[in-house]
């Protein structure tokens, strides 16, 4: 049925088009007869008159219906020229937009047909150019002329919304008619032709909560007091229909999701009337006791709840804060609890909205209250000192065993256990104090010195006798009270000078004092001279009093370094303690030479004497020479010490210390079989080189020629002298290297043994007088072993 309806509509439109075409042809003929189309001229350049030739054929706009689906091409219109006599000599040509593709012309009759289905929404009109030419020569018979073919619209496009889905928000409990959102649809059909693009809006789903304005598409609320807590989201379907909403019009739909936003229209409510909580008496302030929560169905800031304690006997012991993440009230301990004092508390807690909307104040009050009961649980508590800290005083130098003070702790539990006290030795490493474990009395062990330590900070433990793990600790500060036990002294090691040309009563020194004692036992200091020199002829002392200083003045004139260059002035300093203490301090005063302005020149007497004839440069040169001479002497002594001492010791000392004991004495000088003088000679020394046995020599010693005896010589004296000379001149050989030990001396020696071991134990009558003939080197031996009668006479 719909197809039949469309075909009928197309046929009606074609008939209308044909009627319009006939009217156009008639109008064309009428226009041909009008004289206004002929002879219209204009003035051209240089006064030339331009004539417009008369148009041979005229037509109006052509129309063609879109979406035509008939079997034959649609006749758009017919072109005809006045010069066309119908003999077929005129040829009609069509050019322009769509010519030959969409639009074709019969070159003989001038009929124009549309060969394709047209869509006005794709293209609303076409501009074409028509011309009549001679069929044989193609010579233009008329100038070309343009005409327009318009595509006639039909209702072939349904309305379309800008978005397939819309989202909108509206506060809950809004008044009826509150605007929510505006939806807009568009129609591609021609809005200037018929009602194809005239749209009407209607609501298909979402009633009775919402409505839509038919002409504007504005969606509004239709019910009052819509509650978000009951239903938060609504789905609405809106329809847009063309043809003014009449039957046969096309339509389109869209979905709108509408969300109710929250307002504070609900007060908070506690789910129960009483909360039960418990807390240990050992809990510390700030510890959480429990939580309460009031429910508010609102969300966001409209659901924020603040908690407070408005009444109860525990207002001073507990506090409540708000946890905004969980919307809970957190009950916390504010002060320490004592089970033995109070075992339970009651609180009245209020929960109120933070943000209140005045429009809904009539729904209030926006708060609620609840009772919180808290029971205190007993706990095994450590001892508690009566004070959080103790401060005691004790005088310095107090005798050992002096009582400093007393600390006291008790067991807060019902058992009231006995307490033992002790000192934390980490705080009293020097062990100055001791505490009585029973009563907590603190005493000194040794004398205290305030100047060494003014405050002693110790810690005292208190533990239960039967529960050693329960202990308490308290700080104890002990102040050492000052006693005047330190005399004042000079603030520094004063040493000054006075000029030889100083005037009488001239001040040349200011002194001050220090006292290790406290200020109460220190200043004011009193400066004075000892009584025995109160009338000192050289110097006097003036106590300045105000600033605890004293000035030293010259009593007379005419000091001389030559007579006395140094004065020692004793000064007595007393402090202001009770009883006062004093000390005598010595001020060293040198007499120096000064210029006329009092500037120091020299304080040495020698410098004063030499100053008459020598300049400062000469004195410096003399001192430099003295220093150089001293350095030379030191170097000479150092080098001298490095030289070797002589082999034979000539000092008056016991010669027996240098006698070497042999295991075998041998046969003496006449024992030629066993004795060979060559064995006493170093075979390596024959060639002039004597190697060291103990050290590696830095250089080789070359003996002087002519000093070595012949190898077969038996002159012992020459041999020994030669060896002594070698030893004396050899810087690499110590003295003891010149004496060597031999295992056999030989037999039949006239001199016999030189050992004193045998002569000391036997009554030998050996005569040692021949030792006197051996020379000065053996004089000591001759004196020791000389004439026996001499010794007897001496005895």
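Just so you know, glycine gets a Cβ as well, placed from its N, Cα and C.
TrEMBL: automatically predicted annotations, no manual curation.
From a predicted model like this one, the values you see are computed outputs, not experimental measurements.
TrEMBL has this to say about the protein:
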{"type": "SIGNAL", "residues": "1-24", "note": "signal peptide"}
{"type": "DOMAIN", "residues": "81-161", "note": "domain 'Cadherin'"}
{"type": "DOMAIN", "residues": "162-270", "note": "domain 'Cadherin'"}
{"type": "DOMAIN", "residues": "271-385", "note": "domain 'Cadherin'"}
{"type": "DOMAIN", "residues": "386-490", "note": "domain 'Cadherin'"}
{"type": "DOMAIN", "residues": "490-601", "note": "domain 'Cadherin'"}
{"type": "TRANSMEM", "residues": "618-639", "note": "transmembrane segment"}
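For the domain 'Cadherin' (386-490), the DSSP counts in helix, strand and coil order read 3 helix, 47 strand, 55 coil. Mean per-residue pLDDT, taken over the domain 'Cadherin' (271-385), amounts to 92. Broken down by DSSP into helix, strand and coil, the domain 'Cadherin' (81-161) contains 0 helix, 36 strand, 45 coil. Secondary structure of the domain 'Cadherin' (271-385) per DSSP (helix as H, G, I; strand as E, B; remaining residues coil): 10 helix, 56 strand, 49 coil.
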